[in-house]
Amino acid sequence: MDQFKTHVLGLASLSLALLVALPARGASLQKVNQSEWGADGLPSYVNMYIYVPDKLATKPPIVVAPHHCQGNGQGTFSEMSSLVSIANTSGFIMIFPEATGQNCWDAGSTRSLNHGGGGDTGAIVQMVKYTLAKYGGDAGRVYSVGGSSGGIMTEALLGVYPDVFMAGVSLMGVPCGCWAEGYNDVTGTGSSAQWSGPCGGGNVTKTGQQWGDLVRSYYPGYTGHRPRLQHWHGTADTILSYKNMAEDIKEWTNVLGLSETPSGTDTPKRGTTRQFWKSACGYTVYEAFSMDGVGHAVPFDGPAVAAYFGLDRAGGQDPETAACPGAVPGGSDTGGAGGATGAGGAGGEAGTGGAGGEVGAGGAGGEAGAGAGGAGGVTVSGSGGSAGSGGAMDTASGGANGQDASAGTGDSTGGEGSSSGCSCAVGNDARDAGAQAGFLLAALGLLLGRQKRRPR
């Protein structure tokens, strides 16, 4: 009998040890078949990947992250691991669209530059609508962030679908509609000629009114809220010329109804100059960051992006909505009437770190730097794992700091340091540890039953 008890206790101890040793399975990147999210007339080469954290906020916000040329959804998930980690703690959903069939995004065809016209922009918007419906997302908190071709697509999404997107961050992008210059609707996107064409070379110039009219023509009759935007560009960029920064300023200040003269200029960190423009209610709605001597390799800073979107904390309103309640629609995926600007308090500016960066919670508003940490140097941990040190949105050179050395069209993104420690459960089954525990306990019960039937 004593031997039997010893055997049972040993089995129980072993089972307990196995339960303790079970690996924690978290959320993972999942592909969604186009038959589930798509619609007739959308490009067949566009794929959808989605990351849904284990713990979602009530009415979770959504961040779209279009990749660079030669990129894909899986790669962008790794490159933006610091933002994914924040999604785990703040409970927002991330969509990683993929256009590997074309290598780069179509931000120049008449299909993509036409509200409801289909194309790549229409495909991404369809992904957003699917996610809003399936997960009960917040239609007033949909954002986009991307670098190079992903930055170009971000600006196209904001210009063509202002009723869907609240804000965006464009790294090394170009003005909405610029990519249409010389675009061949027959051959489509991905053509190397586009990268050496007039827009890529910074040779497309228009007045602010011309740029604004172009954007407004993509959604005729729309009078609602226009998304806010951050644009980052290196002064030594030879892939997508820095000259596009001046055109971007002319375009978006006109679209947003602002003067081309900035509300202010500062230096949030050494070598980076920020110009910012405030709306009538005092909230910063457009920012242009120039990085001295930087080429096509602007660093991705997940914590700063999250702060700009107001996603560095769980729940709540978009920061612009909170600062200017009368100027921003309450949140409908069809846009709403918009409302006049100028309502709300003095606001506060949403800078991206460094000295100042207002939170803009409506009221007197003081500046409160949105992001700490320099370019690509922040490590953030969340339930999905620890993000590696930041890399750079890079092109052909690569090298240190997690940068990806892939070349191709000269439009690839340096990694988010995925080799330096992202422990996110990418592509693994998120199996329930409770089910595994039940299996072990059942096995233990079977062994105990057999022991009882043995003669003593």
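Here the Cβ of each residue, glycine as well, is placed from N, Cα and C on the backbone.
Quick look at what Swiss-Prot lists:
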- Ser148: active site, nucleophile (ACT_SITE)
- Ser149: active site, nucleophile (ACT_SITE)
- Ser386: active site, nucleophile (ACT_SITE)
- Ser412: active site, nucleophile (ACT_SITE)
- Ser419: active site, nucleophile (ACT_SITE)
- 382-391: compositional bias 'Gly residues' (COMPBIAS)
- 392-410: compositional bias 'Low complexity' (COMPBIAS)
- 382-426: region 'Disordered' (REGION)
- 1-26: signal peptide (SIGNAL)
- 433-449: transmembrane segment (TRANSMEM)
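Counted within 10 Å of its Cβ, the other Cβ atoms near Ser149 (active site, nucleophile) come to 33, all protein chains included. For Ser148 (active site, nucleophile), the number of other Cβ atoms no farther than 10 Å from its own Cβ, over all displayed protein chains, is 35. Annotation note: Ser149 (active site, nucleophile) sits in a helical segment as assigned by DSSP.
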